[in-house]
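Per Swiss-Prot, signal peptide is recorded for 1-19. The feature domain 'Inhibitor I9' is assigned by Swiss-Prot to 35-115. Taken from Swiss-Prot, the feature N-linked glycosylation site applies to N123, N136, N150, N249, N305, N334, N385, N393, supported by sequence analysis. For 125-397, the entry in Swiss-Prot reads domain 'Peptidase S8', with the evidence type sequence analysis. Per Swiss-Prot, active site, charge relay system is recorded for D157, H188, S343.
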Amino acid sequence: MSIFKMMLIYFAILWVVNAAQLLDIDPQGVIPGAYIVVMKDRVSSLEFSSHVRWLKRTHRRNLAKRAIPFTEGLSATWDIAGWQAYSGSFDEDTVQEILNHENVEFVEPNKEMQVASTIKQGNVTWGLSRISHKENSSHDYVSTYGEGENITFYGIDSGIDINQADFTGRARWGINLADHVDTDCNGHGTHTAGTVAGQKFGILKKASIVSIKILDCYGYGDITRYINGLNWAINDAKERGLLGKSVMNISLKTGRSRAVNEATVRAQEAGIFIAVAAGNQATSAEFYSPGSAPEVCTVGASTRNDTKAIFSNYGELVDLFAPREYIRSTLPHNLTGLMSGTSMATPHVCGVGGLIMATEGLAPEKVCDRLKELANPTIQNPGFNTTNKLLYNGSGA
């Protein structure tokens, strides 16, 4: 074989090795023509800036080549604790060139994200009492870890009604990445916030509350908005000196997404404890994000009888269970209401995590392990290869 042919084979192999992956994820909820692009870890900030300039030139050239009117392809860029990525809408030629770029790790389609709850009706309030007692027989709430003084709660959801009376003036509007309605017109975000930090219904009764709206009035958003929300929260916490003193509740889900998982983990590494919903599909949590990220605290849903809720996702990625059914909490316009789902379980973990972090001085990435140490092994029939640990706030009761 000639040296020339050997060189051709070598460069062909090298091209295959260096080409990024276009991840083949569950097609449900995919937004046509929209992508998330993640850079390799070794890429410097200067190289990332250079890549973005290259992307803009490439996008413009490929549109002109096909006589397509110019549209701004790039929609967002992110740097979350060194995790560099961007999103946008690009044609097939541009996507192929992105995949071939030496600094790109992978590309995946942008997808819808939505709330992870099931709305129910009833007249029961029991979650706070259950997580503050070892035995399932009490009806009061006990806490020896304080009330969340000096903790800030970031709610990434459908927004939060910051004027809700149960928030006692502690809530502020952060950013709206969903629409032009600067309030919670869905109710999901205000409900989860009430369990985390409401005066009557919550755990962090003295924490500051920040609303980050990424879902519309129907409870829908997408991965780009989600990562934009994470990025905004990290920057806000950094500017205000709140890293290491903040918690975040994510009662949302999309199909398994490497980009969502990586961004969520990096946000926690930056200094915010994160609790995420396992999901309500009665299957393994591994199929959904961010619940499939092993480094964050993934929460399954339990019933009043300390069994796994029938719809709760399960599996080795679930870290612990928390109350989920008929949870009464805050709604917009000073109303209250009952909801059920892993969306309602997760805020309990977020709240107790904030108490533990503040009182014991733990780093965010250590909080979930501590919660698992405190938890009670009381969940019956938790599912295949799933923990039986139920959230407990360590009150001694």
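Glycine is no exception: its Cβ is also placed from the backbone N, Cα and C atoms.
Values in this document were obtained by computation on a predicted structure and should not be read as measured data.
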Minimum Cα separation from N393 (N-linked glycosylation site), reported as the residue among active-site residues D157, H188, S343 that achieves it: S343
Counts by DSSP class (helix H/G/I, strand E/B, coil) across the domain 'Inhibitor I9' (35-115): 30 helix, 31 strand, 20 coil
Sparsest Cβ surroundings (other CB atoms within 10 Å) among the recorded positions S343, N385: N385
Most Cβ neighbours inside 10 Å, all chains, among the glycosylation sites N150, N393: N393
Stretch-averaged pLDDT - the domain 'Peptidase S8' (125-397): 92
Coarse DSSP state, helix versus strand versus coil, of S343 (active site, charge relay system): helix
Number of Cβ atoms other than its own within 10 Å, given for N249 (N-linked glycosylation site): 31
Among N305, N334, which are glycosylation sites, the residue with the most C-beta atoms within 10 angstroms of its C-beta: N334
Top Cα neighbour of N334 (N-linked glycosylation site) in the set of active-site residues D157, H188, S343: H188
